[in-house]
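Taken straight from TrEMBL:
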type	residues	note
TRANSMEM	12-29	transmembrane segment
TRANSMEM	41-57	transmembrane segment
TRANSMEM	63-89	transmembrane segment
TRANSMEM	101-121	transmembrane segment
TRANSMEM	127-150	transmembrane segment
TRANSMEM	162-181	transmembrane segment
TRANSMEM	193-211	transmembrane segment
TRANSMEM	223-244	transmembrane segment
TRANSMEM	250-273	transmembrane segment
TRANSMEM	285-307	transmembrane segment
Amino acid sequence: MNLAHITVNKIIEMFLIMMIGAAALKTGVVESGTSKKMSGVLLNVITPCMIIVSYQMEFDKDLLIGLVVTVILSGASLILSIFLSGILVKDRENPDMAVERMSIVYSNCGFIGLPIVNGLLGPKGVFFMTAYITAFNILIWSHGIMLMRGRAGGLMSSMKSFINPSTVAIGAGILFFVAGLHLPEVIRNPLSMVGAMNTPVAMLISGMNLAESELLSCLKKPRTYMISAAKLLVIPLITLLLLLAVRVDYAIAVTILVASACPSGATGAMFALQYNKDSQYASKLLAVTTVFSLVTIPAVMLAAGMVF
């Protein structure tokens, strides 16, 4: 399977959906401010449905072990990324600090990562990517919220942020998988249909945000290239070194590396909307890193192929 071909196709698809969202706002089909309301539905309704459905599969002991290993290594990779983002973006007076750190740490592993590993590894790759997404969701719904909201509210408020629809869905999904519980079709099918809206809705929202922003102005900022290089080159390199050090199963290693090499995720823009940060800047970084990833993802995987 041609990795570059898969990557290019998914990026084109994502931009087309974003263009539809941008066109809807520019032509007055939707009003300014609609994206913030939609982001609430996405984060609190659609995403939890997608998470629960991803764990509706037959229990297998080897898969469970692989799942645990993948979650642990994915968490380690993300935590290393969090530390790196703190080193690269450390000016707390910078109003965009939270947005830039989010853009470095959290990738578009669902929309771009899942299709790539499916093309490379088949269903096994998809399963392991859900494990990465599990670690991703645990951290983004805890660290990500604390980062976006700041220190206001103290420890108890931060702990409360961790208990939300997505983390509850993660816990329920893992319980269903381990216990071999399968939801009846009359329940699973509606959840699946709602969860399937996750990517298109996220891209529509990002497109609406882009329609209200100036993308070229982002390309004129030197920080844009620093953030992009950190997300698309430095983070995957660190992840590759981690995977070489532990020597895990090939499928697990490829899955985690693909996820780490993906461009900045749309969730950062959604959080920026929810917590009154610069969502337009977040959407610009999403778009810019997505374009650059057309070259960097195949380059990262080519380098990995030389050492795996």
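Yeah, the Cβs are placed from backbone N, Cα and C, and that goes for glycine too.
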Task: Residue numbers, six or more beyond the limits of the transmembrane segment (41-57), whose CB comes under 8 Å of its CB atoms - done: 127, 130, 133, 137, 164-166, 168-170, 172-174, 176-177, 182-183, 188, 191-192, 194-198, 201-202, 205, 267, 270-271, 274
Open item on the list: Short question: most Cβ pairs under 8 Å with the transmembrane segment (127-150), which of 12-29, 63-89, 101-121?
Closed with: 63-89
TODO: Tally Cβ pairs under 8 Å between the transmembrane segment (223-244) and each listed stretch (193-211, 250-273, 285-307), then give the stretch with the top tally.
DONE: 285-307
Open item on the list: Same chain only, please: residues at least 6 beyond the ends of the transmembrane segment (101-121) with a C-beta under 8 Å from a C-beta of the stretch. Say none if there are none.
Closed with: 1, 3, 6-7, 9-11, 14, 78, 81-82, 84-86, 88-89, 128-129, 132-133, 136, 139-140, 144, 147-148, 198-199, 202-203, 227, 230-231, 235, 251, 254-255, 258-268, 271-272, 282, 285-286, 289-290, 293, 297
Open item on the list: As a test: from 63-89, 250-273, 285-307, pick the stretch that has the greatest number of Cβ pairs under 8 Å with the transmembrane segment (12-29).
Closed with: 285-307
Task: Tertiary contacts of the transmembrane segment (193-211), as residues 6+ beyond its ends and Cβ separation under 8 Å - done: 14, 17-26, 30, 34-35, 38-39, 41-42, 45-47, 49-54, 110-111, 266-267, 269-270, 273, 279-280, 282-284, 286-287
Task: Sequence-remote partners of the transmembrane segment (63-89) [C-beta within less than 8 Å, at least six residues beyond its ends] - done: 97, 100-101, 104-106, 127-128, 131-132, 134-136, 138-139, 143, 177-178, 226-227, 230, 234-235, 238-239, 242-243, 246, 248-249, 251-252, 255-256, 259-260
